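TrEMBL has this to say about the protein:
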type	residues	note
ACT_SITE	Glu91	active site, proton acceptor
ACT_SITE	Cys332	active site, S-methylcysteine intermediate
BINDING	Cys111, Cys115, Cys118	[4Fe-4S] cluster binding site
BINDING	Gly158, Glu159, Ser190, Ser213, Leu214, His215, Asn289	S-adenosyl-L-methionine binding site
DOMAIN	97-327	domain 'Radical SAM core'
Amino acid sequence: MKRNIVGMLPEDLVSWLGREGEPSYRARQILRWVYEKRVSSFQDMSDIPLGLRERLSASFVLGTTRIAEVQTSSDGTKKFLLVFPQGDSVEVVAIPQRSWYTVCLSTQVGCPVRCPFCATGRAGFRRSLTADEIVEGAWRVSQSERERITHLVFMGMGEPLLNYEELTRALRVFNSPEGFGIGSRRITVSTVGVPEKMLQLARDWPEVNLALSLHAPSDDLRNFLVPLNRTYPLKEVLAALREYLRLTRRRVTIEYTLWQDLNDGKVHALQLSRLLQGLLVHVNLIPGNRIKGTPFVPSPPERAAAFAALLQRHGIPVTLRRSRGRDIQAACGELYRIHGLRGEVAG
């Protein structure tokens with residue numbers, strides 16, 4: 001079976017070249033064609049000897065996925081459905097900005113956390129992605145759009161820290177000068193809170209940004225909104241957060257999705273401000289997305305603004321985020337779920 005060269009660590013390619021009797025500098029040439037020029041065929045690598053191109057073609061493939069669907073928002077956000085050879089799929093979202101090009105990546109097919117307000121969680125969990133599959137999500141978008149990716153956020157389908165080994169292997173490719181060359185501080189990993197992996201990330205990748213999806217200020221409410229809280233309650237998650245901050249001395253983003261009459265009241269804002277008092281954090285308040293078949297109602301603008309104002313009065317830095325791509329169902333998992341309901345995704 002041919003190996004996917006997309007997502008391959010540079011040192012692994014050097015080892016293969018050595019076994020083929022080729023000099024190590026060929027790895028840099030080959031990977032430049034893969035990541036900078038984003039070619040679809042080894043035969044397009046014009047400065048690589050023909051014989052080596054043929055051996056590359058015999059041993060490797062340039063990507064395994066196909067883009068099954070692209071949706072484009074009026075604000076420029078694009079959502080891609082990538083289908084793997086075995087038939088399952090993931091979403092990748094591209095968010096163009098003035099001088100940045102951010103890609104939101106998935107780490108799992110579905111999600112085992114099963115948050116009831118999340119389309120991915122409601123669709124169930126199939127498997128974790130391999131590192132090369134994670135990397136290919138970014139590569140396919142870059143190839144399709146002919147854009148250089150400047151920032152990465154792991155906020156797509158799945159819980160990244162429950163796929164830690166493959167996530168961090170992918171980070172090595174993204175961070176490598178021979179890969180995407182994206183600096184650690186331009187990469188954000190989001191988690192609902194897996195304490196031991198939060199601390200491992202702090203030790204392994206201290207300059208990668210962390211976003212903690214809290215969504216509720218009490219265990220009773222969080223047990224409902226984030227079922228993994230029953231395994232890792234708030235006390236453990238916040239203890240890990242404090243230790244993470246001690247180890248990295250870098251600000252952590254707190255993600256909090258607002259739902260009307262569920263977690264957006266004055267009492268919730270006060271509870272949240274008490275939890276976060278004195279911590280080096282910034283709260284991102286996120287307007288919820290309506291998901292068909294669920295009772296969750298997004299907080300109206302005036303309630304969201306009042307929640308933000310109360311946090312500010314208690315000294316908590318906060319941003320009321322504007323959602324991108326609402327008109328293309330850019331909330332995580334919605335396109336995947338729709339295709340699954342149509343029978344276009346395996347399972």
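Yeah, the Cβs are placed from backbone N, Cα and C, and that goes for glycine too.
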Cα proximity to Gly158 (S-adenosyl-L-methionine binding site), best match among binding-site residues Cys111, Cys115, Cys118: Cys111
Integer Cα-Cα distance in angstrom, Cys118 ([4Fe-4S] cluster binding site) to Asn289 (S-adenosyl-L-methionine binding site): 9
Cα-nearest neighbour of Glu159 (S-adenosyl-L-methionine binding site) within the listed recorded positions, Glu91, Cys111, Cys115: Cys111
Lowest local Cβ density (other Cβ within 10 Å) among binding-site residues: Cys111, Cys115, Cys118: Cys115
S-adenosyl-L-methionine binding residues Gly158, Glu159, Ser190, Ser213, Leu214, His215, Asn289: largest Cα-Cα distance, in Å and rounded to whole number: 19
Cβ atoms near His215 (S-adenosyl-L-methionine binding site) (within 10 Å, other residues, all chains): 25
Chain-internal residues, separated by at least six, CB under 8 A from Ser190 (S-adenosyl-L-methionine binding site): Val153, Phe154, Met155, Pro160, Leu210, Ala211, Leu212, Ser213, Glu255
Candidates Glu91, Cys111, Cys115 (recorded positions) - the one closest to Leu214 (S-adenosyl-L-methionine binding site) by CA: Cys115
